[in-house]
Amino acid sequence: MSDVQVRNNWKRDEIETLFALPMNDLLFQAHSVHRQEFDPNEVQISRLLSIKTGACPEDCKYCPQSARYDTGLEKERLLAMETVLTEARSAKAAGASRFCMGAAWRNPKERDMPYLKTMVEEVKSLGMETCMTLGMLSADQASELADAGLDYYNHNLDTSPEYYGDVITTRTYQNRLDTLSNVRASGMKVCSGGIVGMGEKATDRAGLLQQLANLDKHPDSVPINMLVKVEGTPFEKIDDLDPLEFVRTIAVARIIMPKSRVRLSAGRENMTDELQAMCFFAGANSIFYGCKLLTTPNPEENDDMSLFRRLGLHPEQGIAATKEQDEAMLAKAAAQQDKKASAFYDAGAL
């Protein structure tokens, strides 16, 4: 097979042509690309933790964390360090190689930056890759997080530029692109994808992938989310997307961003094993592991491992901690055992 060509000049009609291929042809092409670039049976596993929940000022119509919608979600302050580290240790023990931390903010406050940087350093000391999603970042904030050792920063484009105004009005598409530019310039790896099933048209799914594939450098990780409809949000009664259209989105993402990790992200709780298997065949090679994604349900870990065994898949190996790191982690855990610390960080206002 010839080497896969990496392009940053995709036209919308080219991508729409891929979407329109007969399913067998599309899956064959996507799987062929996948096998050239990755071990087709290896899946990178991440754990996602909400480190600050609810009370977000944005108006994303899909999101239960928006302060504008009555979804019954209890807002929480920024979590205490030991609470985060306990979750990170549990994630590593369960096989996750990357720990992702998300905060429901428009953007992080300067007063919280020192704490966030320490959080990155502490999680990395466990021998895990780190990722954060905190909203928009300035160039200086991106540089600070990069200097602290943050490996990945997530900031999704959500949908196409044309449909974007039907989803969110409190930040612009350019705001999102600017944050991605700041992240890339800082030296961190970019995690960016979107959500399908929000009432968009097929051309919007093509438009989302076009925006991602035509960035100066493809995102290192591309999460593709299926909308999880939450009562109280404007999108709670939106029509379901044909699951095969979701598979097509995964497949086209794999073809036009051949070297990126394509993450089968939110919505897996409502997917059959057969649908997930099709997504893995189409090129998905990353998942979030654990019973919750920020505030929405996710398959139980045992269910995922059972599916992996049935499909012959295996997790990507994580970063091995040194003996000194392991000893330091155990010592810290022992020191904290008798403390009755608050679950929240004192300075973290809602």
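Each Cβ is built from the backbone N, Cα and C atoms, and glycine gets one as well.
Features reported for this protein in Swiss-Prot:
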- 41-268: domain 'Radical SAM core' (DOMAIN)
- CYS56, CYS60, CYS63: [4Fe-4S] cluster binding site (BINDING)
- CYS100, CYS131, CYS191, ARG263: [2Fe-2S] cluster binding site (BINDING)
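Within the same chain, the residues at least 6 positions away from CYS63 ([4Fe-4S] cluster binding site) whose Cβ sits under 8 Å from its Cβ are CYS56, TYR69, VAL230, THR233, listed in sequence order. Other residues of the same chain near the [2Fe-2S] cluster site, with their Cβ within 8 Å of the Cβ centroid of CYS100, CYS131, CYS191, ARG263, are SER46, LEU48, ARG98, THR133, TYR152, ASN154, SER221, PRO223, SER286, PHE288.
Cβ proximity to the [4Fe-4S] cluster site centre (mean Cβ of CYS56, CYS60, CYS63, cutoff 8 Å) flags the following additional same-chain residues: GLU58, ASP59, TYR62, PRO64, GLN65, SER66, ALA104, ILE168. Around CYS131 ([2Fe-2S] cluster binding site), the same-chain residues six or more apart in sequence whose CB sits under 8 Å from its CB are SER46, ARG98, PHE99, CYS100, MET101, LEU150, ASP151, TYR152, TYR153, ASN154, CYS191, listed in sequence order.
In this structure, CYS63 ([4Fe-4S] cluster binding site) belongs to neither helix nor strand by DSSP; it is coil. In the predicted model, the domain 'Radical SAM core' (41-268) has a mean pLDDT of 93.
Cα-Cα distance from ARG263 ([2Fe-2S] cluster binding site) to CYS60 ([4Fe-4S] cluster binding site): 21 Å (rounded to the nearest whole number). Sequence-distant contacts of CYS60 ([4Fe-4S] cluster binding site), defined by Cβ-Cβ distance under 8 angstroms and a gap of at least six in the same chain, are SER66, ASP158, VAL167, ILE168, THR170.
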